[in-house]
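S.K.: Structure below; questions to follow.
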Amino acid sequence: MPKAPKTSKAKKIQKKVADRKKNPLFVKEAKNFRIGNDVQPKRDLSRYVRWPRYILLHRQKKILLQRIKVPAAIHQFSKTLDKNQSSKVYGLLKKYAPETKTEKKQRLVKAAESKAQNQKTDSKKVTVLKFGLNHVTTLVETKKAKLVLIAYDVDPIELVVWLPQLCRRQEVPFAFVKNKARLGALVHQKTATCVALTEVRKEDQAEFDNLARDLRQHYNENHELLRTIGGGQVGIKSRHQQEALKKALELEELKKTSQ
């Protein structure tokens, strides 16, 4: 007898599905994703987000600084310390953070108690970080500052754009660091444009000398910082056009040489 023709698995499954009895209570309908209907599927909506104005301005400023030519005096602020160097600097400066209100209260209470008992009090001046643009400027001009940190994101930049050159002239080691809020946290403020260290304890002298030497080489004695102009980068579309034109020119030269 002739064999029956073989049916594929897919056809068998379709036949089983068709044979099932449809339940009138649960009628299958196509999903409708219009307003007030089915829940939208998950998708990346970052392009459609209405970002706050300060984020838009921050992103536009970043792109502008990439496109237009930025003078070297302003472009040098983008050359901040890397992660390893900044961790060393912040680790040292945290030891010289000013006392908080609670610490000051405890110190004054302790001094009052010792004075009431006719005991000698330690009236030695405490070495702490100095902050405030005018105060730091005076310390640099009088050469009392031993180290100066300047925030790279001060707005407007004209407030501190002259400070690096003043530090170079007075031979005071300086550095650019990220985030004025992080500088402010060192001195218990919201933000700080710059901070200065005036004195160093004996136990930290060797660490400070190594840091100061590295910062002098990286900033004070680095003349390329004042010669390098920033910006001038074209967008991704213009870059693709330039690359396509370059490839077309190379192909033409190959054809000429092959002939």
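A Cβ is built for glycine as well, from the same backbone N, Cα and C atoms used for every other residue.
According to TrEMBL, the protein carries these features:
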REGION    1-21  region 'Disordered'
COMPBIAS  1-15  compositional bias 'Basic residues'
DOMAIN    121-204  domain 'Ribosomal protein eL8/eL30/eS12/Gadd45'
COILED    201-257  coiled coil
S.K.: Please spell out the DSSP helix, strand and coil residue counts for the domain 'Ribosomal protein eL8/eL30/eS12/Gadd45' (121-204).
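M.R.: When I sort the residues of the domain 'Ribosomal protein eL8/eL30/eS12/Gadd45' (121-204) into the three classes, I find 29 helix, 15 strand, 40 coil.
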S.K.: Mean pLDDT across the domain 'Ribosomal protein eL8/eL30/eS12/Gadd45' (121-204), rounded to an integer, is what?
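M.R.: Overall, the domain 'Ribosomal protein eL8/eL30/eS12/Gadd45' (121-204) comes to a mean pLDDT of 91.
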